[in-house]
Each structure stands twice: as C-alpha cells, then as structure tokens.
Amino acid sequence: MKRQDYISWDEYFMGVSLLAAKRSKDPNTQVGACIVDSNNVILSTGYNGFPVGCSDDNLPWNRTGEDTKYPYVVHAELNAILNSGGKSLRGATIYVGLFPCNECAKAIIQSGIKEVVYLNDKYANEKSTLASKRILGMAGIKLRRLTPREKNLVLNFENELDR
Ligand SMILES: O=c1[nH]c(=O)n([C@H]2C[C@H](O)[C@@H](COP(=O)(O)O)O2)cc1CO
Ligand SMILES: [Zn+2]
C-alpha cells in the first residue's frame, strides 16, 4: 500500500516558498515565493533581498530613520517573476508567505499569473495591501488563503546521512 502521510501539492509549494524565505537577510520579515504551472511544475522561486551586486552588508536593513531598506529591497514575488528566465507564467499560480503588495500585484497581473495562494496577511490594513486586493480582484486573479493541515513540516538532514 502507498504511503498515506505524503504532503499535498499546496503544502509542497508553500513549503518551497517558506524554504526560500529562509535565505532572506531581512531581520524583520522574511518572504518567499514559488511559481508553479498548471501541471504542478515549479517555474521559479524568489525571496526578499537586495538586487544582485548590491551587498547585503553595504545597504541598510533598518525599517525607520534616514536610511531604510524599503527603497532597495526586491520583493519575493517580483524576484520570483524576474528569476523565471523568460518562461511564460500565463495561467500559473504563485505561492507566497505574505500577501503581495500593490507593486507585486501589478507584476503578477502583467505576467499572466492567475492565482495567488498565501498564508499571512499581517499588512491587511495597509494602503498597499488594499490597493493590491483591488487590482487583483479587478484582474480576476483568484486569491486563496492556505489553511495548512499540519502546523509543522520538519526537514531532517540527519536522517538522510549514511551511518
Ligand atoms: O509583498 C511583499 N513581499 C515582500 O517580499 N516584502 C518584503 C519587503 C521587506 O523586505 C519585508 C517587509 O519588511 P517589514 O515587515 O519590516 O516592513 O518584506 C514585503 C511585502 C509587502 O507585503
Ligand atoms: Zn511586493
């Protein structure tokens, strides 16, 4: 009989997005994204970080004050779209830890992505999130908040070692 405790597609792709987020250097919010086609093939991934060639050590990670991260950081969703290397994203689904902002929503719509699956909506009351929901709704993009069956998905490297 086949294994019964395998993970669902939703858990797999959101898991990949959460794993990508582990690469983020942002001390406050780590976001990951995973773009998948209608055949459940991963097309691209991304996480929030500074542009290529712009050192994590020479730009600020501050949220407030004179010099903040906000003008410099590339959002996870945009990075995933840009990382897709020219592949068509028409009809694809994007899995993201955090609900996309309005700037990412514009890129999502223009790239032809048709569904956004997310976990966290902690900035639901921000103008950027309200604007995002407005245009995503107008563009007919499906929005789905994932309620995972399992709270934890553990990756155990040690179990894979030959001993
Ligand atoms: O959709 C998003 N995708 C995304 O990658 N981000 C990134 C930008 C910042 O690095 C971080 C948000 O930082 P903070 O929560 O400290 O304001 O998350 C932020 C949003 C906003 O919703
Ligand atoms: Zn964004």
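Note that Cβ sites are derived from N, Cα and C of the backbone, with glycine treated the same way.
Note that TrEMBL annotation is computational and uncurated.
Residues or ranges marked as active site, proton donor by TrEMBL: Glu77. Glu77 (active site, proton donor) has a Cβ environment of 31 other Cβ atoms inside 10 Å.
What TrEMBL lists as Zn(2+) binding site is His75, Cys101, Cys104. The DSSP secondary structure for Cys104 (Zn(2+) binding site) is helix. Less than 8 angstroms from the CB of Cys104 (Zn(2+) binding site) sit His75, Glu77, Leu78, Ser132, each of them six or more residues away in the same chain.
Sequence annotations record features per position, and here TrEMBL assigns domain 'CMP/dCMP-type deaminase' to 8-131.
For His75 (Zn(2+) binding site), other Cβ atoms within 10 Å of its Cβ number 21. Using the Cβ center of His75, Cys101, Cys104 for Zn(2+), the list of other same-chain residues with Cβ within 8 Å runs, in sequence order, Ala76, Glu77, Leu78, Pro100, Asn102, Glu103, Ala105, Ala107, Ser128, Ser132. In the predicted structure, the domain 'CMP/dCMP-type deaminase' (8-131) carries a mean pLDDT of 97. Note on the domain 'CMP/dCMP-type deaminase' (8-131): DSSP counts are 35 helix, 25 strand, 64 coil.
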